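**Q** What Swiss-Prot shows for this protein is this:
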BINDING   S34, G35, G36, Q37, D38, S39  ATP binding site
Amino acid sequence: MSSDCWTPFHARLHQLLQRRSLLPTRSRLLLAVSGGQDSLALVQLLRGLQPHWHWSLAIAHCDHGWRSDSTANAEHLRQLADQWQLPFYCQRSPEPPRSEAAARTWRYQVLEAIAADIDAALLVTGHTASDRAETLLYNLTRGSHLQGLASLRWQRSLSDRLTLVRPFLGFTRAETSKMVQQFQLPVWEDSTNRDRRFARNRLRLEVLPQLRQINPQCDRHLANTAELLADEADWLAELTEQVYQQSLSERGLCRSQLAQQPIALQRRVLHAFLQDQLQRSPSTVQVEELRQLITAPQGSCSSSLPQRRVAVVAGDWLRLQSVDD
């Protein structure tokens, strides 16, 4: 089907982009494309909307080298880009990343470099409401604070010059499947997406289908929950920063001020304090240990923290010091 054929899917995305101001007119967009159904559906809709928004579109593909068919996958996308008359950029990892986290880090480094080379201010991915639901469930199973449950935002800054945008969070994976059929898109199936050794794949292939039997709209409802949590997380982050700055001095954190705050806010302020002091995200156990020190007697201290440091009570102040002091 031609990209200039206007469908209800195009209309929905057009209205969503207007409402959320995600992809401004005449922007240069770098589209991260794997070849799967979500990213190809994204390209198809954006190509259809391009005459209305006057974007400059380019495709980027990151080849992790994990699969025997990864080179063929990249060539398939190169041919599609030629067919669509879009610039195509591809980079293969020097060696296969050892974990999903390492792959993600490498992938975003590559995409940021490509975006800088072509002067693109927006990196666009095909993450859907189903991905958001999956991420919410995944973080719940691991135990997560509010910020983790509110992950996969509509947009987030990657650097001073590049913003990641996810315009497909308004669609489910079932809907992108319908797009693939309607537009007859040549999807390249990634066999690793069906490998049940990965926790996310088990959620996608086993858990979410069971939840859909309880409520067929669970993907969208879970994604909406993540959206609500994101708004609350933003508000709490502002409040936390305000209380943190009010409680902080050269002597440490003021215990009497913290004692007046709700427990949830105490935890968030202490988390921010430890992260600033240690330059790493503290564990829940470490935060709780410090919270007990808010009302502890003079001279009390925590167990050892990273960098051979401990938290100690000094009058009305809670501060970190070296275990050697």
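The backbone N, Cα and C atoms fix where each Cβ goes, glycine too.
Values in this document were obtained by computation on a predicted structure and should not be read as measured data.
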**Q** Inside 8 A of the center formed by the CB atoms of S34, G35, G36, Q37, D38, S39, which other residues of the chain have their CB, for the recorded ATP site?
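**A** After dropping the recorded site residues, what remains is V33, L40, A41, G126, V187, W188, D190.
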**Q** Hey, what's the Cβ neighbour count for S34 (ATP binding site) at 10 Å?
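**A** Neighbour count, Cβ to Cβ under the 10 Å cut-off: 21.
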**Q** Counting other Cβ atoms within 10 Å of each Cβ, which of the binding-site residues Q37, S39 scores lowest?
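**A** Candidates: the binding-site residues Q37, S39. Fewest Cβ atoms within 10 Å: Q37.
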**Q** Within its own chain, what residues at least 6 apart in sequence put their Cβ under 8 Å from the Cβ of G36 (ATP binding site), listed in sequence order?
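**A** Counting only residues 6 or more apart in sequence, the Cβ neighbours of G36 (ATP binding site) under 8 Å are G126, V187, W188, E189, D190, N193.
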**Q** Ten-angstrom check, please: count other Cβ atoms within 10 Å of the Cβ of D38 (ATP binding site), all chains counted.
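**A** Other Cβ atoms found within 10 Å: 23.
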